[in-house]
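The next block holds one structure in the form of structure tokens; read it before the comments.
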Amino acid sequence: MNMRQRARFCWLVIQALLCFSTLVQAKRKLVATSLVTCMENSQLSSNSFDVVFDPDDRSLHYTLDLTTDINSYIYADIDVYAYGFKIITKNVDLCNINWKQFCPVHPGRIEIESIEYLSQDLVADIPGIAYQVPDIDAYAKVYVYSNTSEYLACIQVFFSNGKTVSQTGVKWATAVVAGIGLLLSALLSTFGNSTAASHISANTMSLFLYFQSVVVVSMQHVHRVPPIAAAWSENLVWSMGLIKIHFMQKIFRWFIDSTGGTSSLNLTATNKSVLTQRSLQYVNTLFRRANDILYGNRNTSIFRGIKRMGYMMGIENTNIVATGFTFFVLCGYVLAGFIMVCKYSIELSIRAGWMKPNRFVEFRQNWKLILKGALLRYIYIGFTQLTILSFWEFTEVDSGAVVTIACLFVVLSVGLMAWSSYRTWFFARKSIQEYNNPAALLYGDQFVLHKYGFIYTMFKASFYWWNVVLLGYVFVKSLFLGFAQGSGQTQALTLFILDLFYFVALIYYKPYLDKPTNIMNIFICAVTLVNSFLFLFFSDLFKQPYKVSAVMGWIFFIMNAAFSFLLLMMIIAFTLMIVFSKNPDLRFKAAKDDRTSFQRHTSVPDEKDGLGELAALGELAKDHDDHWEDMMDGSSRSPGNIFASDTALIGTNDPHSTESNIPLDSEKMYGGLNNEAVVNDPFEEHAHIVTNGESTSVMPSNHSNLNDSDDELIDPFRDQNHPNNPRNRDSLFVESQSFIIPSLDDGANYDHTSGVSRDHH
């Protein structure tokens, strides 16, 4: 391509972009689909209202269905507001604009469907930004007077420009990334990468809870949610199971009607207007604001709270609970089916010779237990959704069948979470009693880890109980969200107090498994607290001007959009690190507890390049001091310099060494806390307390192996008839391990100080 052709190509591209820009600008418009009265006993009200203004050709398409009691010539004062600021004020004589239907007005019903072309002066008064800003917060108030200056009516119209931050792409992106994170954590925990699994699981679960918290705070029955804030929350409403599928909505309407209920038809009615940018109010109900009073009628409903959220998602009010429950059950079946498909696919691959028989042994043997744990984790994720929808259904009573299903889901979610929390507490207390460490059973017992691990793996071993606090916090919020939909101020104040207390507790205890995870969750809790604070203003608790709430709506959107983006990028980064790493555990810092000392690693090493063995040695040595190699030289060895493996060895296999070759069982050797261990040397009259690689000698009350049956200490070296006495045996076995100490020919030649035969000196 020569220079002339390149220039021509660039010119064509520029022309195409200009044409596209012209097409985009040609779609500018302002739309109004709802009209409400703003005074008591207004003599003008709306049955149906639909207006579209195109600024490019100055056309105003309108379809009006009004009811009036006025019988006179009328004048109108029009005030236009944007984000609470008055931007336009006009005085209009309806006879001067050639609206014959309003010159004069007679009692009765006025039905108009027409098009008018506004003057250029009126169009110029509208700022261009009004057509570009998404979810614009604009409305007009029209005060109607008679020709004798009698105040007759007040109507209020809300506008939209058709642009919104609620995008299908954002919904899919957030759902897919969060789902990949949860799926990856499940796969890693199943196939042996415990450290990576704990980190990705903790971060993804926190991401899910954050998404749900944004939707929960937007479900409050507050005075008004600014359009930009309401639209952003719609991007995350999938986390509560509110997903519209057209044919399912028909099924739900049939189900409601067939089980004793009456389904609502707000979305399909042609003679009814619904206002969602303000608060939700039942028909013929009064809604008060600091300086405004909005009224609905039999043809106009003002929606707020959960109903507003459902309507904006295209879901009828009576179908909201059924939709949430149905998607929860469907996703549960998909999860169970995925695990079963993985299990039988692996078995088929092994039988066909496509996979070695030693791959995924842990998963194949315990897949039913893993399935139970996965379903419990899934119920844990849906706990907020199930409780809020169930409690709200008790106040709505869509039908008897839906109320019954809500009761079952409350019992299911609360009962299973309570039972899982109790079992976790039971095993942790048992582990503390037997091993002085909760991690011994919580991470060493595969049954407990696979089934109840979702409760505690996100936290430090000593904070195994923190999820009880978290579930209780969510449960109380659900109670107020479900049962207090009649009072937005009560909900806003209560949720703010709950979020504040949980935020303070999280900062004080820092229960998560490491410092970065604690920091991330503190930030999430801080954003949630700020959201609750903003909704105090949206509830009109402080009686502030609306312009304050409008600005705070933009703060809500910018803060949550930016924070969601950062969280999603973090999950994607973790996913890439894990996918492109041969040993994902090495990519993450170990938790601030000793869970790795008890966890069973089931991954199969690579036999070709020996990297598996090298990684294992690295895992073994990574917790030692910086100068651990100096401790291994010659006589500087100490019984405290041992690796935390299944069998700890003291000394060396060299018979000329001054150290003894005594294998010790790790459970009898470690207290398990703070890298501290007590090592009993049966050939010496003292024991070694090992703390962070340093050894201190103390005098025990007795010494030797621990008898598990009666928890008493037995000394095989003082008992001449004991089978483990080296004078009576050719070989010494300690704690039933397979390591054998060299035979001792004569007890008299044995040096109890050095632990070896004097013949070798």
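Positions of Cβ are set from backbone N, Cα and C atoms, glycine also.
The annotation compositional bias 'Polar residues' is assigned in TrEMBL to 693-707.
According to TrEMBL, the compositional bias 'Basic and acidic residues' annotation covers 715-730.
Among the features that TrEMBL reports, domain 'ML-like' is placed at 28-166.
Residues or ranges marked as region 'Disordered' in TrEMBL: 693-730.
Annotated signal peptide per TrEMBL: 1-26, in sequence order.
As annotated by TrEMBL, transmembrane segment applies to 325-346 (among others).
Among the features that TrEMBL reports, transmembrane segment is placed at 374-394 (among others).
Marked as transmembrane segment by TrEMBL: 400-422 (among others).
Per TrEMBL, the feature transmembrane segment maps to 463-484 (among others).
Beyond the ends of the transmembrane segment (490-509), by six or more residues, the same chain brings 216-217, 220-222, 463, 466, 469, 473, 476-477, 480-481, 484, 518, 521-522, 525-526, 528-529, 532-533, 535-536, 538-539, 541 to within a C-beta distance below 8 angstroms of the stretch. Annotation source TrEMBL lists transmembrane segment at 490-509 (among others).
TrEMBL lists 521-542 (among others) with the feature transmembrane segment.
If you look up TrEMBL, you'll see 554-580 (among others) marked as transmembrane segment. Sequence-distant contacts of the transmembrane segment (554-580) (same chain, at least 6 residues past either end, Cβ-Cβ under 8 Å): 165, 173-174, 177-178, 180-181, 184, 188, 193, 196, 199-200, 203-204, 207, 210-211, 214, 226, 228-229, 231-232, 236, 520, 523-524, 527, 530-531, 534, 587.
Looking at the domain 'ML-like' (28-166) alone, the prediction's average pLDDT is 85. Within its own chain, the transmembrane segment (374-394) has Cβ neighbours under 8 Å at 182, 186, 205, 208-209, 212, 216, 219, 239-241, 306, 320-321, 324-325, 328, 331-332, 335-336, 339, 402-403, 406-407, 409-410, 412-414, 416-417, 420, 451-452, 454-455, 471, 474-475, 477-479, 481-483, 485, counting only residues six or more beyond its boundaries. Same-chain residues lying 6+ beyond the ends of the transmembrane segment (521-542) with a Cβ under 8 Å from its Cβ atoms: 206, 209-210, 213-214, 217, 220, 222-226, 229, 289-290, 488-489, 491-493, 495-496, 499-500, 502-503, 506-507, 510, 512, 548-549, 552-553, 555-556, 559-560, 563, 567. A Cβ distance under 8 Å defines the sequence-distant neighbours of the transmembrane segment (463-484), meaning residues of its chain 6+ beyond its ends; these are 216, 219-221, 306, 383-384, 387-395, 414, 417, 421, 424-425, 428, 438, 442, 455-456, 490-491, 494-495, 498, 502, 505, 509, 511.
In terms of DSSP secondary structure, the domain 'ML-like' (28-166) contains 12 helix, 76 strand, 51 coil.
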